Each structure stands twice: as structure tokens, then as C-alpha cells.
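Asker: Sharing a structure with you now.
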Amino acid sequence: MEVAPELVQERGKASFPPSTLTQLVDGGVAKMARRRWLRSLILSDPIFNNEDSIYLNHTERYKRALAKCGRLDQLINKYRLNEEDSIVLRSCTSEDLPTLLHDLMFLPCLLSLCSEEQQAYWVPAARSKKVLGCYAQTELGHGSNIQALQTTATFDPATDEFIMDTPTAQAYKWWPGTLGRTANTAMVIARLLLPQESSSSSPASYKDMGIHNFIVPLRDLHTHALLPGVVTRDIGPKIAFAGMDNGCLELHAVRIPRANLAQRFVRVTRQGVWSRVEGTHSKAAYVTMMQVRAIIVVHSARELSKACTIAIRYSAVRRQGFDDSKTGSELQILDYASQQYRLLPLLAASVGFFFCGRAVLTLLAETEDALLKGRKGQAEVGALMGRAHAALAGLKSLCTTIAADGIEECRKCCGGHGYLACSGLPELSGNFLQQCTVEGDNVLLTQQTVGYLLKSYIKWRTGGPVLDEECQYFVTAADGAHAEGLGEGEKGVRDEPAVLSLFSRRAFATLERLALRLQSLTEGEASLSQAGAWRRVLVDVMFVSRSHALYTVLRHFAAGLKSLRDGNDVSGVGKAGADAAFIRVLERLFFLFAFYHLSKEAGDFLELGLLSPETVARVRGEVEILLGEVRPDAVALCDGWDWDDFELKSALGRWDGRYAEALLASAKKEPLNHQDPVDGWDRTWQPQWKVEEQTERARL
Ligand SMILES: Cc1cc2nc3c(=O)[nH]c(=O)nc-3n(C[C@H](O)[C@H](O)[C@H](O)COP(=O)(O)OP(=O)(O)OC[C@H]3O[C@@H](n4cnc5c(N)ncnc54)[C@H](O)[C@@H]3O)c2cc1C
């Protein structure tokens, strides 16, 4: 189909070639070519066709997705794809695959939590998919508070086994993806109970050693039948994520060998004695969780960019309303400032989150290296873990909140058509929403970040050691008197260092205010306990975390721009002189992202005395100017993310902009239209007037 003239025009006026952005997000020309080749394998195989997905129910989606998993495996084997390629290949399916948790959690858990001896058996078995795993932590009664989990693993010295039990309905595992129907094995998080010395007169008693990880076989590897004592179910339809079998698990006296306790960091001897493996760090078990949080930050950028692509392309071709002349064609809705204000800062956010995702992956790699390869001392590893944990918690919370709200905003920006499943936006939104809850509820995560920030703040205020990179800004922010105010220098308000300084001072000031509040709540006569005071200030905690994370995103965004300007970006972008125009576009996005949030949260800056009302007004004006400047490049920026129509699954966001034809084609596929009148129309519903008419006819 011919491309809509509006999109031809939009593409014609872009100031940079979209492939430059593609090269940046892919990490270089070679990686870009490789990803496109992998995608071509998916696009050319009919089994991955997703055109009628929206008409399928949960069971049908699951079965279809299972078949896709099988073909993916064949492709991975046929082309001997490595781990990195396999991940890319799977993501190109744009499908919620039932094996997701095997790849995302189970296998990484084996690699990070199991001893070398254990890995020698489990890892090849998992890689070959003989063992298909899931990660079973959450229970019906407990999610966020994992210390209160009720599943037990009781050591039986007589048989050298653990007896796994979910003693009450509250203890049933509830939610784990891949668990319901797919997994034959689970990494189960359970309380370890070790027998205490007992005399013949007193009954056996057990010591609760807290939560540990256990590899629990669920199904026969050959027949896939459930093993004795194991019950699993799918927990039913969800908002979206229909291809995934989120499940529940009952364990009734299921026996597993002692060797199935994940043993990289802890051991239980034949006699039932617990010990920590020497040289390991107590928080090491959290490494998989951090890996997943980092992936979620990267995912936020990508999914938000998909929604922006759909809504912005649609806004370029959708015409609604006349200008003053009331003649000629109607206006493109993308030309309304309100539409730009709703969409373009989200596009900017997707790019900011990309840089942020790249930075957290680097931080994570550094942490894993130190932790798993034992290259650094305990204290240093502990510090790195704390830093990475705090950074990831706050960023996961902020990025997923903005992306989830942003995807929904993109849907609303498409008007009524955005409410159609074939717009692709309801599924995109529904699938993404879970990211605000999984791997730590977003609100709870803010507490983890702020807990770390407060500790660092107090240590530093009391003359403690040098701050790490996450908190380095305390030093300059506290010394705010010397910072150049926004708009005071030659560059006006578009001054990167001044913007960063301002956001860092806001983050610091909110943190300091919180520290003082906590102190006053716990001191004096009517003082509260530490926990009581903490509960009282939880609203402030959310804002402190948000302020810190927003500054962190901007810091990584600015660092990314610098690497492009310096010509040393890993993607190779920035080396060619022609990339200068592209960098200018990204700089505008940086300021748009910063000023959009600054003007939305202006109250904070004013209250803290960091900005005058005049500067706030200036910043608001600058947002309007930036929207106008980004507008001509909006479609090219979307194109640069390089989503194929197959991946977008949207009648509104198509490359060719032919949304009317696509909507019509989609309506024609609706099964309800396949018979007219609908089969059984007369039998199903006999309205009173018809009954009376028939009675009357019979009477005559
Ligand atoms: C699609 C999906 C997939 C999932 N996949 C898996 C999986 O593979 N494996 C797995 O083990 N689990 C999985 N989960 C479960 C997920 O990890 C939990 O839902 C999550 O940890 C939140 O726990 P909860 O649902 O019990 O909420 P709760 O902990 O009950 O939280 C409910 C509300 O209370 C608030 N709250 C709770 N405690 C506090 C507090 N201390 N301070 C302030 N506010 C508080 C929270 O902010 C939240 O708003 C999945 C969930 C979903 C939705």
C-alpha cells in the first residue's frame, strides 16, 4: 500500500536519518544488522504470525505461544545462536511467551545461586529445555513482605531430604509466570526448617533459618505429568499477558534431595547443620532480582517508544479540525500544541530511559563481576551491591511509572480508535502495567532507595567516607550557594550543567528535609518509634525517591550526550560529522524531558526556594518552544526505534499510515461478523413483541 502523504512529508522534513537512532539503540552498525537478520527469521515464518491474536482467548493464546516457543528452539538450534542472539530473537516475536520466566528468572537463578557442582547438572538441562523452570516466590497471602512467606522446607536427616510444604491456602504460591502449565521445575522460595536437638520425651522441634532457594521438580520430564504431592493451576485471565500461564502451586510433603538447596552461598550438612559458604556476601542472593530490574528499565524505554511510535504516526496522519480559513484539508492532530505536550515529552523519556538502561546494565555487570568472580573484598562488594540495589530500585520505580502512565496517555491520544484492541495500545499497556508491581512494587521500592540515601547522607554528614557515584551530588548540592542558577549563564535556560545541578539540589533538599523530619519525629517527648516515624513519612519517601531517580535519569542522559559529542560512544554514533544534527535533536529531547518535569513539579522547586516564579514561567515557555522544535523530527525519531509493523501489532501505528484501511480490515476479521444475522439469533432471544406477533399470527 502506498505510504500516506502526511508521513512522506514528515519523513522528508526530518533533520537526521532515523537509522542513526537505530544504530545508537542497537549499539552499533553490526548489532543493528544482526538484529534485523534475526527479526527477518521471525517475519518470514508463518508460525509467528500474530494478525489474529486479538481474537483469541487465553487458552488459545497460550497454545499458540507454546508453538512459537517450539519453533524458536528449532531456530536457535538450526542457526546455533548464542545467548545474546537468542534473547534478541525471542524479543522479535513481540509475544508474551510462556517460557519467559524460564529465561528471565530460572536460568539466571541457577547461574547466580547454585554451586558449580549443581550448575554442572542443572544449567545444561535448563539450556536444552529438558528442565523448564519458573521462579516461585510470591504466595497468595504474601508478596512484598517475603520475610513472612509460609512455604516450608523441613530437613529430614533420616532420608537426607527436604520436605516441601505449603501448609495453608495463604502459603500457596500464586502468580509465578510459566508455573501454571509449562514449567516442570520451580525455584521455590521457602523457609528452611532445621531439626533441633530433641530428647525422646520432647517432640521434634525445628529452627526457622529464614527463606532459602530450592530446586523443586514439579512434573515428570518425559510425560509432563504432575509429580505426587504437587498441584499446579493457571490462575485465570488477566488484564493482558494472555500467552503466559501465571500459576499457583500447592506442595504437599514433596520430598527433594538435600542437594536441591541452592548452594552457592549457603550449605546444609548431612547432619542438618547450616553454614555460609566462606567468602560470599550475605546479599548475594539478590543478584538475579537486580538483573531483572535492570532489564525492566531497558524494557521501559522500548515499550514506551512503541506506544509513542503508534500514537505519533497516527497523530501525523489523523486529521481533525479546520484552521481559521475553514477550507482545504483538516489539521493534523500532531499540530495541536496539546497533543505535542502529551506525546513529545514521552518520546524524550524513551530516549532518556535508553541511556539510563545502558548505564544500569554497566553498573550491574560491574557488581556481578565483583560478586560472582570474587575479585573484590567483602566490604567493597557490599558497597557495590548496596549502590546497585538502591539505584535500580529507584530507577525501576520511576521508569516503569512514567512508561505505564505514558503508554496509557498514548492510547488516549488516539481518541476512540485507541480503545480498539487492534490499535495495539490496550495490549501494550496491559502487558506493561505489571512492571509497576513485579520485581518489587513501585511504592515499596522507593523505600529501599531512600533507606540507602538516608544512610549515606547520615554517614556523610557525620564525617563518614567519600560518597559513591549515586550520592556524589550531595557534596555539590549542599554547597548550592556556588551553583550557577538556571538561566543565569550565557546559555539561558538550555544549560545542561545548570539543569543537572538544579535537579540534584532538589533531590538533596528533599532528602535533607526528610532526614530532619524523621529526627524530629523520633526525638522529644511525643517521639515515635523508628518504624512508626518511617510509616508517617512514607509520602515524603516517595517524593524523595522520585526526585533522586529523576536526577539520575538526567545524569545518565547527559552522560550519553557527552559520549556522542566526544565521539566515543560504543554505538559509533557521533564519530561522523553528519551526526551533529542528530545530537542536536537529542539535546532538545534532554531539555524537553527536564523542563516538562520541572514545570509539572514546579511547586517543589518553588517551595524549596530553588527557583523563582519568573524562572518557572521561563521554563514553561521553553517547553512550548522545544515542542515546536522537536515536532518536525517526531516521526523520524519514531522510525529510528525501528519497530516493524509486526512488532507494533497496530492498525494505527503502521509504517504506511494507512490506518483507515487497516481498521476496516481488522473489523472484517472479527468473528462476530462472519455470520449475519448471528447464528442462533432467533433461538437465543425471543423478545416479547415477537412472541406476541407469533401468537397473533397463530390465532389468525
Ligand atoms: C503479571 C505478574 C507476574 C508475576 N510473576 C511472578 C513470578 O514469576 N514469580 C513470583 O514469585 N511472583 C510473581 N508475581 C507476583 C509479584 O511479584 C507480586 O505481585 C508483587 O511482589 C507484589 O506483591 P503483592 O501482590 O502481594 O502485593 P502487596 O504486597 O499485598 O501490596 C499491595 C499494596 O500494598 C502496598 N504495601 C505493601 N506493603 C507495604 C509497605 N511495607 N509499605 C507501604 N506500602 C505497602 C503496596 O505498595 C501495594 O500497593 C507476578 C505478579 C504479576 C502481576
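Start at 1 and count along the chain as shown; that gives each residue its number.
Positions of Cβ are set from backbone N, Cα and C atoms, glycine also.
What TrEMBL lists as active site, proton acceptor is Glu439. Annotation comment: TrEMBL describes Thr138, Gly177 as FAD binding site. Residues annotated as domain 'Acyl-coenzyme A oxidase N-terminal' in TrEMBL: 18-130. The annotation domain 'Acyl-CoA oxidase C-alpha1' is assigned in TrEMBL to 286-454. Annotation source TrEMBL lists domain 'Acyl-CoA oxidase C-terminal' at 498-687.
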Asker: Tally the residues of the domain 'Acyl-coenzyme A oxidase N-terminal' (18-130) by DSSP class, grouping H, G and I as helix, E and B as strand, and everything else as coil.
Answerer: 87 helix, 0 strand, 26 coil
Asker: Cα-Cα separation of Gly177 (FAD binding site) and Glu439 (active site, proton acceptor), in Å?
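Answerer: It is 12 Å, counting Cα to Cα.
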Asker: Sequence gap of 6 or more, C-beta under 8 Å: which same-chain residues meet both conditions with respect to Thr138 (FAD binding site)?
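Answerer: In sequence order, the residues whose Cβ lies under 8 Å from that of Thr138 (FAD binding site) (at least 6 apart) are Lys173, Trp174, Trp175, Pro176.
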Asker: Over the domain 'Acyl-CoA oxidase C-terminal' (498-687), what does the predicted model average in pLDDT?
Answerer: 96
Asker: Going along the chain, which residues six or more apart from the residue listed as 'active site, proton acceptor' have their CB under 8 A from its CB?
Answerer: Met289, Val292, Arg293, Ile296, Lys396
